[in-house]
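See structure below.
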Amino acid sequence: MAALQLLVNGVALGAAYALVALGFVLVLNATSAVNFAQGDLVMAGGLLAVALAPLIPLPGIVLLPVVLVLMAALGLLLALAAYLPLRRRPPVSVFISTIAVGIILQNGAAILFGPEPRAAPPLFGDDTLHIAGLAVPEQSLAIVAVAGLLIGAQQWVFARTQLGRRLRATAQDPEMARACGVPVTAMILVTFAIGAACAGAAGLLLANRYFVTPTSGGDLILKAYIAVTVGGWGSVPGAVVGALLIALFEVGVSSVLSYPVALGALYLTLLAILVLRPQGLFGEAVRRRG
Amino acid sequence: MSALLTVRGLTAGYGGATALDDVSLSLAAGETVALLGANGAGKSTLLKALLGLVPAWGELRFDGADLGGLATETRVRRGIGYVPEGRRVFPGMSVRDNLEVAGLPAARERAQDVERIFALFPDLALKSGESAWRLSGGQQQMLSLGRALMGRPRLLLLDEPSLGLSPRLADELFVAVRRIAGTGTAVLLAEQSAARALTVAPRAVLLRVGRVVGDGPVASLSEETLREVFFGV
């Protein structure tokens, strides 16, 4: 029973992590650039929900579309300021510029909100449901449902629409995409917007149960990075599965030992994967793509 | 015949090196022209320059309008299709998605065009849902050609389409090129295999070390001229 309880908690956390990793891997695929601001965008989404809550005193699910739109706009700004001017420079330029954006977001948040932890409103309610002996917080169910819906919607767009085809073509071969009439720069902007919207959604989902502080993004970018490494660099399904595995690992080890031990074990596992299976779980598919 | 494509004094290069030097040529609507030259003559660079994929200077007009400064995707939307050397299909996308991504915005027209391509290349229809990386080299070349046709181009730029294909597959591909040219689409065909190119093109432009050294009907090309272009002797 305890294991089932941990599974429920782990899946809820993993669903939110999956959104973070998904946004990270989409930008990585479209631009070959690592967006180190992704974790801080999650923090920004959480604090945005905190800031909006008094203005729109309704459940978090009503705030979600507002957070998605505002975060997408922030993603566009990030692309315009920190990626597009530097895209023909060596990749390290974009690494540094996204790190700089992350620091700006952290310090901006610290000035506006202070260092103390804040909680966003729950998506639906605060109650705990008792199902077959398991205590399942409504928020956990809502996180899984909302994250699943957003990931599913995104996969549908990518698989079934012309926008999705254009985004995938841009990710696979930008020059050839241009030669097929795809407006590649616009697609890169859309990708940054989607990536930031994913981060914002994750921020809203996480900021109720796990709170949000201006520095909480640092931990999340590492987890997104680990999820993408575990799943296979560049693999979208791999990033989602990697995020779920990380969360289950974190919840499981934390319950037996402690959170710091879980975090340490997670980084050790990352090192082991890099040595033993550097292509990650879905690495074979990624290799074939090239 | 009025010119569909006019190139005057085109110069292009990579870094400090000049790959095209003062190139001029023109193509009429519906005309098929072979672009012949040895490896490194500048054939691929010329096609890329027409599409805006490499920096180029000079006058470029398509259907009377200046192409200079236009983005590649805009040139494509104006009616220029491109089949690159090495096929460059999108490997992780299905055959159908490879075609659709280059199609017109309206879904209905796009679907009709996909069926048109499948009729031209029935092999592709059988592999519609498969990832492009699973296709053979010949099928990938057909997909690349079909993808270029999805934008309903008035000018098709073909870069070494027979490269890496068996003689039988190359022959099949050139049958398709002849059919495409027969529909009124102008074709500029860069090809190392002069014998094959001249089976579809009644006119040839000869490039040597980035310069045009000959331009005229195939019948006017002597064996000596071709030998000089390809072997420098």
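Yeah, the Cβs are placed from backbone N, Cα and C, and that goes for glycine too.
Annotated transmembrane segment per TrEMBL: A:6-28 (among others), in sequence order.
Sequence annotations record features per position, and here TrEMBL assigns transmembrane segment to A:40-56 (among others). For the transmembrane segment (A:40-56), the list of distant contacts is 20, 23, 62-63, 66-67, 70-71, 74-75, 78, 101-102, 105-106, 109, 112-113, 118-121, 195-196, 199-204, 206-207, 212-218, 220-221: same-chain residues at least six beyond its ends, Cβ to Cβ under 8 Å.
The transmembrane segment annotation in TrEMBL covers A:62-85 (among others).
Annotated transmembrane segment per TrEMBL: A:92-113 (among others), in sequence order. Sequence-remote contacts of a segment are chain residues at least 6 beyond its ends whose Cβ falls under 8 Å from one of its Cβ atoms, and for the transmembrane segment (A:92-113) they are 31, 33-37, 39-41, 43-44, 47, 50-51, 78, 81-83, 86, 214-215, 217, 221.
As annotated by TrEMBL, transmembrane segment applies to A:141-159 (among others). Beyond the ends of the transmembrane segment (A:141-159), by six or more residues, the same chain brings 11-13, 15-16, 18-19, 22, 60-61, 64, 122-124, 129, 167-168, 194, 198, 201-202, 205, 209, 236, 240 to within a C-beta distance below 8 angstroms of the stretch.
Taken from TrEMBL, the feature transmembrane segment applies to A:180-205 (among others).
Away from its own ends, the transmembrane segment (A:225-249) comes close to residues 6-7, 10-11, 13-18, 20-22, 24-26, 28-29, 34, 151, 155, 158, 262, 265-267, 269-270, 273-274, 279-286, 289 of its chain (Cβ-Cβ under 8 Å, at least six residues beyond either end). Residues annotated as transmembrane segment in TrEMBL: A:225-249 (among others).
Annotated transmembrane segment per TrEMBL: A:256-276 (among others), in sequence order. Using a Cβ-Cβ cut-off under 8 Å and counting only residues 6 or more beyond its ends in the same chain, the transmembrane segment (A:256-276) has close neighbours at 223, 226, 229-230, 246, 249-250.
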Distal contacts, the transmembrane segment (A:180-205) - CB-CB under 8 A, six or more residues away: 15-17, 19-20, 22-24, 26-27, 29-31, 35, 38-39, 41-49, 60, 63-64, 67-76, 78-80, 83-84, 120, 123, 142-143, 146-147, 150, 154, 163, 166-167, 169-171, 174, 212, 220
